[in-house]
């Protein structure tokens with residue numbers, strides 16, 4: 001083995017050695033040219049006064065980086081690793097740019113610590129939970145990533161049955177699987193950037209609760225760690241975490257006094273709204289159209305967006321015989337945005353249409369109010385680029401993030417923005433907008449460096465088998 005071999009310890013020659021020959025007394029031992037002893041038979045002994053063992057009195061304190069010092073490192077490193085892991089978990093749910101949202105998350109964490117646990121929602125095809133505060137009031141909806149419709153720990157059996165009985169129709173090949181929680185947060189981000197204010201604030205959050213659907217291994221490990229902490233505290237304190245591991249998912253603020261849109265739309269059909277109130281509904285509806293079209297929501301029916309219809313009465317006049325009724329207020333909340341941001345337009349079995357396109361509100365051309373709000377933004381390339389970068393920062397948090405798939409998602413979104421911009425400029429209606437041929441706008445590849453990006457536009461010719469479903 002030569003001196004440059006990687007198997008030679010760097011500390012091999014740090015201690016001086018003397019060579020005592022067994023051939024004849026007083027014989028000198030030849031040295032190699034580099035000052036080391038040649039390979040003659042004999043006994044190697046330490047020169048008196050050198051370190052004899054790690055931690056001995058004669059050796060004194062070990063210098064940093066020496067083998068004796070390295071022997072003391074693992075325990076310290078493990079404790080530092082545990083502390084770093086605990087600190088990382090505490091910093092998972094930090095939102096310095098949104099203190100109001102951070103306060104709601106903190107309330108949820110305190111409630112879970114007091115065993116006021118999230119409650120699983122019976123509706124839907126995935127594991128989603130009502131999150132409560134310490135008073136037991138619902139404050140948010142949490143959707144873990146691994147309990148999504150196609151997640152490994154989805155507690156609902158409907159998707160498993162669909163996969164078993166009809167595998168050809170299982171999943172949506174236009175979507176990135178198990179990315180619904182990012183889609184929920186991404187829809188909220190787009191809503192904020194465009195000042196639509198119809199999506200309840202949604203962000204990526206880490207939570208742990210006994211009511212979540214965990215694997216048997218995780219539950220056994222959690223019980224074992226708790227038992228070790230109770231019986232042998234010194235051993236239990238070595239664990240990075242005591243309890244179930246936190247789950248990553250979307251955390252959406254719960255909105256009160258809202259009902260399914262289908263309920264109110266039927267009421268409004270039987271009992272038409274006053275002109276001013278109907279105008280409010282139309283303006284709110286157009287915001288929903290803008291959001292759904294840009295993110296290409298593939299799951300927008302009339303049962304997963306909400307309407308709040310508030311008819312306040314004047315409390316001052318309620319004491320009299322006459323009751324003054326104030327003008328009603330209508331607001332829309334766009335929830336269930338987990339099946340958006342496709343990497344291609346639907347072209348297989350189903351078209352996944354926007355069901356609001358069959359409503360009478362969709363036949364009215366876009367108002368000047370929505371044009372003034374949206375057109376200056378989506379017509380600005382810098383704004384669109386900034387939106388893409390914000391979505392990139394959000395989506396790259398996923399462990400399975402794929403840059404190529406993200407580029408395809410952005411290409412679809414650019415095409416949607418292009419169609420929406422042109423439809424608003426041409427004075428079209430939402431119904432005419434969804435009838436526009438789908439477009440994909442990709443970044444053009446160039447071998448020459450340039451300060452500006454160029455794009456290529458392409459139309460999708462292939463149509464899904466069921467164009468109405």
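Just so you know, glycine gets a Cβ as well, placed from its N, Cα and C.
Per Swiss-Prot, ATP binding site is recorded for 122, 123, 124, 125, 126, 127, 128, 143, 252, 253, 254, 255, 336, and the stated evidence type is similarity to another entry. Reduced to three states, the DSSP call for residue 252 (ATP binding site) is strand. For residue 252 (ATP binding site), the same-chain residues lying six or more positions away in sequence with a CB closer than 8 A to its CB are 140, 141, 142, 143, 184, 188, 200, 201, 202, 335.
Taken from Swiss-Prot, the feature compositional bias 'Polar residues' covers 16-25.
Summarising the annotation, Swiss-Prot assigns compositional bias 'Low complexity' to 50-60.
What Swiss-Prot records for 115-443 is domain 'PI3K/PI4K catalytic', and it gives sequence analysis as the kind of evidence.
Swiss-Prot lists 165 (among others) with the feature S-palmitoyl cysteine.
What Swiss-Prot records for 166 (among others) is S-palmitoyl cysteine.
Swiss-Prot lists 168 (among others) with the feature S-palmitoyl cysteine.
What Swiss-Prot lists as S-palmitoyl cysteine is 169 (among others), and the listing cites similarity to another entry.
The region 'Disordered' annotation in Swiss-Prot covers 1-30 (among others).
Under the heading region 'Disordered', Swiss-Prot lists 50-72 (among others).
With DSSP states grouped into helix (H, G, I), strand (E, B) and coil, the region 'G-loop' (121-127) comes out at 0 helix, 0 strand, 7 coil. Positions annotated as region 'G-loop' by Swiss-Prot, on the basis of sequence analysis: 121-127.
Positions annotated as region 'Important for interaction with membranes' by Swiss-Prot: 156-169 (among others).
The annotation region 'Important for interaction with membranes' is assigned in Swiss-Prot to 259-267 (among others). Beyond its flanks by at least six residues, the region 'Important for interaction with membranes' (259-267) meets 302-309, 332, 359 of its own chain at Cβ-Cβ distances under 8 Å.
Per-residue pLDDT, averaged over the region 'Catalytic loop' (296-304), rounds to 91. Per Swiss-Prot, the feature region 'Catalytic loop' maps to 296-304.
Positions annotated as region 'Activation loop' by Swiss-Prot: 334-354. The region 'Activation loop' (334-354): residue composition by secondary structure is 0 helix, 2 strand, 19 coil, according to DSSP.
Annotation source Swiss-Prot lists region 'Important for interaction with membranes' at 349-358 (among others).
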(request) Residue list, the region 'Catalytic loop' (296-304) vs rest of chain: Cβ under 8 Å, 6 or more residues beyond ends. (result) 172, 174-175, 187, 260-262, 265, 335-342, 345-346, 352, 354-356, 359, 412-413, 416
(message) I want to check the contact list for residue 336 (ATP binding site): same chain, sequence separation of six or more, C-beta distance under 8 angstroms. What comes out?
(response) 299, 304, 305
(request) Quick one: give me the count of other CB atoms within 10 A of the CB of residue 128 (ATP binding site). (result) 25
